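Engineer: My questions all concern the structure below.
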Amino acid sequence: QGIFVLGLPYALLHSGYSGLFLIILAAALCCYTGKILIACLYEENEDGQLIRVRDTYEDIANACCKKLSPKLGGIVVNVTQVMELVMTCILYLVVSGNLLSHSFPYIPMTEKTWFVIAFVTLLPCVFIKTLKIVSKLSQLCSLVHFIIILVVMTYCLTQIHQWSWAKFRLSIEFEDFLVSVGVIIFSYTSQIFLPALEGNMKNPGEFRCMLNWTHFFACVLKTTFALTAFLTWGEETKEVITDNLPSFLQTLVNLCLLTKALLSYPLPFFAATEIVYACISRGNHSNYRSPLFALGVRGSFLVLTLLMAMFIPHFALLMGLTGSVTGAAMTFLLPSLFHLKLKWKNLSFLEKCADISVFILGFLCSLAGIVCSIKGLLEVFG
């Protein structure tokens, strides 16, 4: 459950009844691509037992492209992953700076100064060495997220006398609908983290069951939250639903959102720095394996996200463009393509059709998102 959830009521405003269907469909598709991605980590041995022969998304890509080039697939996947993770980190930093400036408007400081303050609170991230620490921070992040959801939904339930299904649109505008599709799909994406997550589970055999239940509950929560918020505010629904709250609740929720954004940063930060560090230190270069060098990689990455957050104009549009390319690729295009390549002989006709359908859908979503983002950038730059 990411910050994207807070944009779901706004997505319903532009997609109407089709938005509710999209929330359910996106959950099913993301759950499916998560399963087929993990299936690509395994191969059958002579006894017909499944053995984990690959560890990462990169290993899967290399296995698919080994006839062209042994490392080509891994390079493409690593670049795509790092791009998406970097943009995610920058987004959290930008959100933190914006929330700080809105929470304390009476303090005469620019947004860039608030970015630096948020950056200082994130400095301990350079000392994170294991996924266990990240998981503890993610637990706290989930707790804060549920507090935010609870506050918003409790307020909405107090306004139940104002609810009306007439607020839902029957007709939709194509461009607005595409924005909604992007928000809904990218609120579920987690494929980048799944190989490491499955590899770190005490009982990897329970992975599919875990994925089913988490996506089911995510779907129920997203649908309930988006529906109650939209029925409360209707046409007045704002891009971030917390902006609709009365001022006395808005400050509380903004501080919770700030905490959530700061606690969300370590996961993509850790994943990106691990990929970069693994690529640099690969081979027999002992100089690149020292703890000091790893610290330098993390520190450089942290400073890079701050500089990009402060100096890239129109970040939201660039984020949309990058998300349309990397998000759709990592969530739909590559898992279905890799699954078809590695498991073609073992797949039934229906499974092949499912993979091809997901690939085509992912391609169309990516293409539409790119067109909309480029159009927005062209309008901004005149």
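Here the Cβ of each residue, glycine as well, is placed from N, Cα and C on the backbone.
Annotations per TrEMBL:
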{"type": "DOMAIN", "residues": "1-374", "note": "domain 'Amino acid transporter transmembrane'"}
{"type": "TRANSMEM", "residues": "20-42", "note": "transmembrane segment"}
{"type": "TRANSMEM", "residues": "75-94", "note": "transmembrane segment"}
{"type": "TRANSMEM", "residues": "114-131", "note": "transmembrane segment"}
{"type": "TRANSMEM", "residues": "143-165", "note": "transmembrane segment"}
{"type": "TRANSMEM", "residues": "177-197", "note": "transmembrane segment"}
{"type": "TRANSMEM", "residues": "209-232", "note": "transmembrane segment"}
{"type": "TRANSMEM", "residues": "252-280", "note": "transmembrane segment"}
{"type": "TRANSMEM", "residues": "292-312", "note": "transmembrane segment"}
{"type": "TRANSMEM", "residues": "318-338", "note": "transmembrane segment"}
{"type": "TRANSMEM", "residues": "358-378", "note": "transmembrane segment"}
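Are these features on the surface or tucked inside, and what are their neighbours?
Structural biologist: Sequence-remote contacts of a segment are chain residues at least 6 beyond its ends whose Cβ falls under 8 Å from one of its Cβ atoms, and for the transmembrane segment (20-42) they are 8, 12, 50-55, 57, 59-60, 63, 180-181, 184-185, 187-191, 194-195, 198, 207-208, 211-212, 215-216, 218-219, 222-223, 226-227, 331-332, 335-336, 338-339, 342-343, 354-355, 358, 361.
Counting residues 6+ beyond its ends, the transmembrane segment (143-165) has Cβ neighbours under 8 Å at 1, 5-6, 221, 224-225, 228-229, 231-232, 234, 241-242, 245-246, 249, 252-253, 256-257, 259-260, 263 in the same chain.
Sequence-distant contacts of the transmembrane segment (209-232) (same chain, six or more residues past either end, CB-CB distance under 8 Å): 1, 5, 8-9, 11-13, 19-20, 23-24, 27-28, 30-31, 34-35, 149, 152-153, 155-157, 159, 162-165, 167-168, 187-188, 201, 241, 244.
Long-range contacts of the transmembrane segment (252-280) within the same chain: residues 2-3, 6, 58, 78, 81-82, 85-86, 88-89, 92-93, 95-96, 99-100, 102-103, 118, 121-122, 125, 128, 131, 133-134, 137-138, 140-141, 144-145, 147-148, 151-152, 192-193, 196, 242, 245, 288, 294, 297-298, 301-302, 305, each at least 6 residues beyond the stretch ends and with a Cβ under 8 Å from a Cβ of the stretch.
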Engineer: Which listed range (75-94, 114-131, 177-197) shows the maximal number of Cβ pairs under 8 Å with respect to the transmembrane segment (292-312)?
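Structural biologist: Per the Cβ count, the answer is 114-131.
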